[in-house]
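J.: Below is a structure I'd like to ask you about.
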Amino acid sequence: MKKKHCHDIEDEPQKRTRKTQKSINEKEEKKRKQIDEEFEKQKEQAKLQVQNIHQDENSCSQIEFKKEIIKGRVAVDECFIYKADYHVYEKDNKIYDSLLNQSNIAYGNNNNKFYIAQILESDKQPYKYYFFTRWGRVGQKGQHAAKEYSLQSCLSEYEQKIYDKTIAGDYKILEKFLVAQKNEFSNEATHYEKSKLQTEIKDLLKLIYDLKMMDQQMMEIGYDSSRMPLGKLGSQTIKNGYTILKQIAEVINESTLIKAKKKCLLEHLSSEFYSYIPHNNGFSKLKSLDTNQDIKEKLEMLASLEAIEIATNLIQNNDGNIFDNQYQKLNSNISLINPTTDDYQVIQKYLENTHGSTHSNYHLKIQQIFKIKRIGEKQKFKNVGNRMLLWHGSRLTNFVGIISQGLRIAPPEAPCSGYMFGKGVYFADSVSKSANYCCTSPSNPIGLILLCDVALGNCQERTKADYDASNLEKGCQSTKGIGKMAPTENIQFSNMKIPLGKLEDQQIKSDLIYNEYIVYNVDQVRIKYLVQLEFLYKQKAK
């Protein structure tokens, strides 16, 4: 049976003539045949390239990946055997380096492929040129080929291959964040000497600037950093990801679409998303993004990728003492709080009393508490009254961006349906409610959580999801999601209300277990404290 395309599935079949339907089907079938023929042609060309290869013909999977060698704005591919003597060719500010991705899960397909193309120029005269390609399934190192040509032939091959892949092959070009030439992040001991920062603050810097940690956390949620190293995915590509998620959300929440058409559209849009944001799912088929929970998870991934882009950008050009440079780039004054102070004791009690009973798989232990004063934040603070000290948790990957730039609201491209009460900054008065967003594990039990001075003003109240809550009622400056469990005692501390009483059942009907507080203007937030936590997970009974 011939497979249909999404637009072949009619919402109102009686309104479309058989002649029109036949014409569309024939046109689409012709297009599919052209693409299939082009793909077969490309496979044959690839076979010829491998046969004529001028370097080692072995699969790249037999090569151990090492540290990138960057002699310009991008690195020569690791699989090119002469990489030590070549660089990526540039002319008129154009870099001849492309990373393409293609995912297709529609019609039962299981495509998840990458394609790399580079023109490589020798470092020394007389200049020699190679056209280098590497291709394979995302998550695998794939195969590669390199052919020595004249420069003009390399340029022709490069342009033709990119055209073939993107026009006929439906690949997406992934925009890269281009780095300065001096981009190495050194861990040499000499760069750590002579810093006057406290040991605990230096340890905090090590924790949040750890690139291996960022790589590991993103791998855990499916992102393939081997295809696009962390921090190098361009902002436009991330924006494309948001835009596609917004389209997916619209389809999910469109009640008039018939089931078959909705499924088809979601598979196509999911394929688009995976093409822009590389995912490593081995040889298993990528999941169609067809629920609001799927949208929420991918929104969190994109937010982390944005934060990592900020972090890797700040890591660039760390001349001199690394700790001092890292600290300066956080744009904040950070000080360690003594456990004997009132601040520490109040936070300790707040933590102990507001751990939710539904989060019983771990206990929380404070390792350190830091006072944070972001430069310029006090002057921008919009005090609309009703100030509360509230929790906000996030992945370790996000904290360089959070401390240096403040908490941020999702961009316009992001769908509202990925956020229970619209696009805003979310807080809780239950520590474990926020701590869950740290996404720790028994093998990685250290997390960070913020305590923020939040000016709530008048709160509009909700007991169930309202994706349009950001359109505030007249006279309101925030949203409060009313939970079944809430602290029963409040104290005043430094002009803020702290709800540090024990959580008790409020005997109300609500879809929420715990309170949530949302503001839609970041100027209503001041970061006050950063709490470093150890998650003590309970061992499962054998």
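The backbone N, Cα and C atoms fix where each Cβ goes, and this holds for glycine too.
Pulled from TrEMBL, these are the listed features:
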type	residues	note
COMPBIAS	24-38	compositional bias 'Basic and acidic residues'
DOMAIN	85-185	domain 'WGR'
DOMAIN	194-316	domain 'PARP alpha-helical'
DOMAIN	321-542	domain 'PARP catalytic'
REGION	1-38	region 'Disordered'
J.: Please list the DSSP helix, strand and coil residue counts for the domain 'PARP alpha-helical' (194-316).
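T.: So the counts come to 80 helix, 3 strand, 40 coil.
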J.: The domain 'WGR' (85-185): mean pLDDT?
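T.: A mean pLDDT of 87 is what the model gives the domain 'WGR' (85-185).
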J.: By DSSP, what is the split of the domain 'WGR' (85-185) into helix, strand and coil residues?
T.: 22 helix, 46 strand, 33 coil
